[in-house]
Amino acid sequence: MTSPAAQPQPARLAFTKGHGTQNDFVLLDDRHDELDLTPTLVRALTDRRAGLGGDGVVRVARTATFPEGAAILAEEPAAEWFMDYRNADGTVAQMCGNGVRVFAAYLEHLGLADLADGAGLALGTRAGVRRVRKEDTGWYAVDMGRWSFPGGEGAVSDGFDAEVVVHGMEGAGQDVARPALSVDLGNPHTVVAVPSDTDLARADLTRAPDVLPLPPQGTNVEVVVPLGEETSVDGTVVGRVRMRVHERGVGETRSCGTGACAAALAVRAWAGAGSPDVWMVEVPGGTVRVRLLDDGHVELAGPAALVAHGEVDLDALAALS
Ligand SMILES: N[C@@H](CCC[C@H](N)C(=O)O)C(=O)O
């Protein structure tokens with residue numbers, strides 16, 4: 001019998017599992033730039049049956065190791081850590097709003113950041129610098145930077161620049177193309193409204209909605225029901241919107257932070273002048289807050305949770321064997 005010492009050791013990779021309003025991620029600490037995070041490895045890790053499961057992978061990397069790093073560090077020398085985000089299908093995306101909050105919580109867990117003293121944290125991302133602060137409630141608030149309606153002036157005045165067919169809402173063969181609005185949050189979004197919660201529940205998001213025209217880089221689609229406005233206890237008028245989302249590179253997820261921003265911005269544009277600057281966006285996995293800032297930026301706030309820490313046996317990951 002071979003002694004245990006002679007057996008080849010399985011390759012083990014330390015991971016943390018976390019989520020932001022149930023948009024869930026496998027988190028990897030690669031501060032020493034040792035991991036070859038291939039699309040195959042991402043798909044194997046995020047596989048919900050044969051792997052750890054997740055909507056994406058978030059890798060801690062050094063900003064200086066990325067092509068975008070020089071520009072990010074020139075703008076913000078403190079942005080030492082870079083959120084390397086991958087969708088579950090292995091593709092790279094520019095931005096992930098829930099991911100930024102969970103990434104900040106993970107950096108705190110690793111002892112690489114301290115948001116407890118009220119200090120903000122600057123991070124590198126493929127969409128540029130993102131700044132995070134922690135609120136007294138424990139929520140993380142992220143300055144998501146500049147947003148835009150890529151359809152330009154026409155889209156702003158009409159409120160629409162695309163059409164979306166959400167499957168499953170009408171009878172067989174009766175799919176309806178609904179007017180929609182494109183929103184850029186560093187990553188692409190298309191927001192379409194449906195009349196009621198019943199319609200929202202009926203939407204079949206196991207299939208990607210048809211978007212016309214489909215942007216060359218694809219898009220995330222938010223299906224929304226505007227819920228009106230209410231006045232909060234401090235007198236602030238707050239808009240409310242409920243949404244489900246079909247994410248590029250993932251499928252339906254239970255939350256999307258950039259998608260929540262896109263939903264709030266689209267519904268606010270449709271509501272017209274004088275509509276609120278603060279929006280509570282209800283998603284299947286919880287609620288996030290979206291706030292328009294004076295400098296043309298938008299802020300996303302919500303919870304972040306780290307729920308497990310362990311090691312994965314890379315040799316046993318089915319897709320790799
Ligand atoms: N869930 C994320 C968005 C992740 C990226 C997206 N699927 C894309 O490809 O653009 C969020 O919270 O923003």
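Glycine too: its Cβ is placed from the backbone N, Cα and C atoms.
In TrEMBL, annotation is done automatically, which means it is predicted and not curated.
Per TrEMBL, these features apply:
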type     : residues                                                                   : note
ACT_SITE : CYS96                                                                      : active site
ACT_SITE : CYS96                                                                      : active site, proton donor
ACT_SITE : CYS256                                                                     : active site, proton acceptor
BINDING  : ASN23, ASN87, GLY97, ASN98, ASN187, ASN220, GLU247, ARG248, GLY257, THR258 : substrate binding site
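Neighbour count (other Cβ atoms within 10 Å of the Cβ, all protein chains): 36 for CYS256 (active site, proton acceptor). Most buried of the binding-site residues ASN23, ASN187, judged by other Cβ atoms within 10 Å, is ASN23. In the three-state DSSP classification, GLY257 (substrate binding site) falls within a helix. On the backbone, the CA of CYS256 (active site, proton acceptor) and the CA of ASN23 (substrate binding site) stand 7 Å apart. Binding of substrate is attributed in the record to ASN23, ASN87, GLY97, ASN98, ASN187, ASN220, GLU247, ARG248, GLY257, THR258, and the widest Cα separation among these residues amounts to 16 Å.
Proximity note: of the listed binding-site residues (ASN187, GLU247, GLY257), ASN187, GLY257 have a CA within 10 Å of the CA of CYS96 (active site), given in sequence order.
Other than ASN23, ASN87, GLY97, ASN98, ASN187, ASN220, GLU247, ARG248, GLY257, THR258, the residues of this chain whose Cβ falls within 8 Å of the Cβ centroid of the substrate site are, in sequence order, ALA93, MET95, CYS96, GLY99, VAL245, VAL250, THR253, CYS256, GLY259. In the three-state DSSP scheme, GLU247 (substrate binding site) falls into the strand class. With a 10 A radius on its CB, the residue listed as 'active site' counts 30 other CB atoms from all the protein chains. Of all Cβ atoms in the shown protein chains, 28 besides its own fall within 10 Å of the Cβ of GLY97 (substrate binding site). Following the DSSP three-state reduction, the secondary structure of GLY97 (substrate binding site) is helix. Long-range Cβ contacts of GLU247 (substrate binding site) within its own chain (separation 6+, distance under 8 Å): ASP55, ASN87, ASN220, THR253, CYS256, GLY259.
Remark: GLY257 (substrate binding site) has GLY20, ASN23, CYS96, GLY97, ASN98, GLY99, VAL100, ARG101, VAL142, MET144, VAL288, LEU300, GLY302 as non-local neighbours, by Cβ distance under 8 Å and separation of at least 6 in sequence.
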